[in-house]
Amino acid sequence: FKKLGHGTKGVFELLSGWRRTRENLPFKDRVADAYSDVMVTYTMTSSLYFITFGMGASPFTNIEAVKVFCQNMCVSILLNYFYIFSFFGSCLVFAGQLEQNRYHSIFCCKIPSAEYLDRKPVWFQTVMSDGHQQTSHHETNPYQHHFIQHFLREHYNEWITNIYVKPFVVILYLIYASFSFMGCLQISDRADIINLLASDSPSVSYAMVQQKYFSNYSPVIGFYIYEPLEYWNGSVQEDLRRLCSGFTAVSWVEQYYQFLKVSNISANNKSDFISVLQSSFLKKPEFQHFRNDIIFSKAGDENNIIASRLYLVARTSKDKQKEVIEVLEKLRPLSLSKSIRFIVFNPSFVFTDHYGLSVTVPVLIAGFGVLLVLILTFFLVIHPLGNFWLILSVTSIELGVLGLMTLWNVDMDCISILCLIYTLNFAIDHCAPLLYTFVLATEHTRTQCIKSSLQEHGTAILQNVTSFLIGLVPLLFVPSNLTFTLFKCLLLTGGCTLLHCFVILPVFLTFFPPSKKHHKKKKRAKRKEREEIECIEIQENPDHVTTV
């Protein structure tokens, strides 16, 4: 889905550049004009994609799933770029040859004459006509009559730049910024394991009941002692009590000590301790379930306890996820520093570790990506104001997606973080051509410049974002919370980008710099140059014919 947004953007931009060329030109010149118009910016945005996801695929990423995903994205971006640069360009050349020789673009047969078509049914005329039969001359730029291009030029551009519409757009942006800021203040990494399960899974029902009625308790933590210990030693017993303090423990050790105390049995050495444990304690019905918690080994006539396990449950408050992470951070260092070597584990710890890393590592990657984007754009763009506007637009879109997805109850998990990284590239992909065309435009006013920018790139942006959003519809029918999270994030990415390209930027660019006054001065100077009369002295030569 993420490759879809970038790949179709290149296709629609190159197709739009091809349609802007004059049809009476040779097809080689048309392809050259289309490539020179589109491929520079597309190469730049593809490079930014490759750099951003290349950092995610580097050894600095310690999450294997993120690394594999970023590797696949890098390969996809390369294949997509060479596809557009080679195969799709070849298709345009083939289409140009068909147009130039008046062949049908689908059936590749010669288009019949107008007299022949007039004698055929309407459906045949519709299928076989090339659209130029009804006119006396062949139009050189039929792209101006494309319905999206016509709508933008004749209706939308005039409406969005109307002086009475601009105040409402400013109010709309203030509302957008307010909700985004409010959402950013509520960000939390409360990743839930339910999001990884299918919506109709029985595990979801279990997890919801557990959270509703037993949310004040941590998961049952397995406390595994993986080396022989002198359990009969008083100092070892004290260390075990200290480690288990603060927990509700299900421990064979505590039960056995209590059994020795009640039975008034002394087991201060190894042989007595193990003998009573095997012959008396573990044979009682109420303690038989502890047999699976102790592993014995026999060396000759002597028995040893080589490993054992306890179970711990911690009391937690409402913020259960955070407290479980704190428990892990306290217990794991103790397993390396204490005299007792142990491991603490619960299956949910896998996801706790995963989400702890999935928030920090991709955020660092996104930060480095933003830094590299800023450095590259400072060196690559022609006008510094274009770079400034691009930074503002991308920041506004990124914060908008972040805040709105928080208000939409989207957790900060691995999927949402990767979508935020992708939002950075998606915003640059669509805003950069529009902004740089506006900055470099030579019209008299800012309003005319933004109109020409929308006419040049608006169709491709609208087609690509619409195709991207339609492509997300199947995600709604997948019974998975994780897939629904992906749908929400990508829907906000496409929606916020479309809002900025067609509503916010066209209005705000008419208020703020860059100014177009210097273009007026240049045009006036050119007019003066045209009005000057250049006198040329021609000396006649009888051997040559002189022409002026």
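Numbering starts at 1 and runs along the chain as displayed.
Keep in mind that glycine also has a Cβ here, set from the backbone N, Cα and C atoms.
Note that TrEMBL annotation is computational and uncurated.
Residues or ranges marked as domain 'SSD' by TrEMBL: 1-94.
Feature annotation from TrEMBL assigns transmembrane segment to 39-61 (among others).
According to TrEMBL, the feature transmembrane segment maps to 73-95 (among others).
Beyond the ends of the transmembrane segment (163-185), by six or more residues, the same chain brings 396, 399-400, 402-407, 499, 503-504, 507-508, 510-511 to within a C-beta distance below 8 angstroms of the stretch. Residues annotated as transmembrane segment in TrEMBL: 163-185 (among others).
The transmembrane segment annotation in TrEMBL covers 363-382 (among others).
As annotated by TrEMBL, transmembrane segment applies to 389-409 (among others). Residues 176-177, 179-184, 186-187, 373-374, 377, 381, 416, 419-420, 423-424, 427-428, 431-432, 435, 439, 488-489, 492-493, 496-497, 500, 504-505, 509 of the same chain lie 6+ residues outside the transmembrane segment (389-409) yet bring a C-beta within less than 8 angstroms of a C-beta in it.
Annotation source TrEMBL lists transmembrane segment at 415-439 (among others).
Positions annotated as transmembrane segment by TrEMBL: 460-478 (among others).
Proximity of distant same-chain residues to the transmembrane segment (490-512), defined by a Cβ-Cβ separation under 8 Å and at least 6 residues beyond the stretch ends, is recorded for 1-2, 5, 156, 160-161, 165-166, 169-170, 172-173, 176, 389, 393, 396-397, 400-401, 404-405, 408, 419, 422-423, 426-427, 430-431, 434-435, 438, 446-447, 449-450, 454, 458, 461-462, 465, 468-469, 472. Marked as transmembrane segment by TrEMBL: 490-512 (among others).
Taking Cβ pairs closer than 8 Å, the transmembrane segment (460-478) reaches residues 1, 4-5, 8-9, 12-13, 15-16, 148, 430, 433-434, 484, 486-487, 490-491, 494-495, 497-498, 501-502 in its own chain, all 6 or more past its ends.
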